[in-house]
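Enquirer: To start, I am sharing the structure in question, which I have written as structure tokens.
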Amino acid sequence: MQHGFGRFSNGYTILQTQLSKEYPAGNWDELVVTFVFERRYMWYFLQAYLPTFFSIFISWIAFSLGPQAITPRTMIGVNALLSMIFHFGSIMKNLPRVSYIKAIDVWMLSSMTFVFLSLIELAIVGYKLQMQREKDHVIEKVDRIARFAFPAGFSIFNIIYWARYGFKVG
């Protein structure tokens, strides 16, 4: 009995098994079984990745509201974080329990970290605004930096994440 695996660039993995028996007369009987496995990439993209992209982008809207809009900024950040936590739980219940870290775990935890960091930025801006030790232009500078630093950091994370997990076959 021979087993063979074939991995292809289109995401298919084929398991092939051959059973052979030689008879005294030299005849061969052969049974070939082929299993085709296909990943459901689109399900993961629509159910996990796309909604988290939107939650992260929504959390960045707070940077454009200005330092005086503490209440709306807090609501946006907290709602985005709660949405991510709920979404992570619903994804985890649909996946098998395994003892190792999956790519989706890395994605979700990193995404929640970006939303959480936007809340930390809000806390810094709120603290500086309340203390009024800093002039308004310093507080606005923090928001301006966050408007560019968060998308840049998330872009770098995406490049690393998709290079590590996205193009892996098999």
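From the backbone N, Cα and C atoms, a Cβ is placed for every residue, glycine too.
Just so you know, TrEMBL annotations are computer predictions that nobody has curated.
Sharing the feature lines straight out of TrEMBL:
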- 49-132: domain 'Neurotransmitter-gated ion-channel transmembrane' (DOMAIN)
- 41-63: transmembrane segment (TRANSMEM)
- 75-92: transmembrane segment (TRANSMEM)
- 104-127: transmembrane segment (TRANSMEM)
- 148-167: transmembrane segment (TRANSMEM)
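Help me picture these features in the structure, burial and contacts included.
Expert: Within its own chain, the transmembrane segment (41-63) is flanked in space by residues 11, 69, 72-73, 76-77, 79-81, 83-84, 87, 91, 94, 104, 107-108, 111, 114-115, 118-119, 121-122, 143, 146-147, 150-151, 154, which lie at least six positions past its ends and keep a Cβ under 8 Å from the stretch.
Cβ atoms under 8 Å from those of the transmembrane segment (75-92) belong to residues 47-48, 51-52, 55-56, 58-59, 61-62, 65, 104, 108-109, 111-112, 115-116, 118-119, 122 of the same chain, restricted to positions at least 6 beyond its ends.
Sequence-distant neighbours of the transmembrane segment (148-167) (same chain, 6+ residues past either end, Cβ-Cβ under 8 Å): 56, 60, 63, 103, 106-107, 110, 114, 117-118, 121.
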Enquirer: Summarise the domain 'Neurotransmitter-gated ion-channel transmembrane' (49-132) by DSSP state, stating how many residues are helix, strand and coil.
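Expert: DSSP composition of the domain 'Neurotransmitter-gated ion-channel transmembrane' (49-132): 69 helix, 0 strand, 15 coil.
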Enquirer: Mind checking which residues reach the transmembrane segment (104-127)? Cβ under 8 Å, same chain, six or more beyond either end.
Expert: 44, 48-49, 52, 55-56, 59-60, 62-63, 67, 70, 73-74, 77-78, 80-81, 84-85, 87-88, 91, 95, 139, 142-143, 146, 150, 153-154, 157, 161, 165
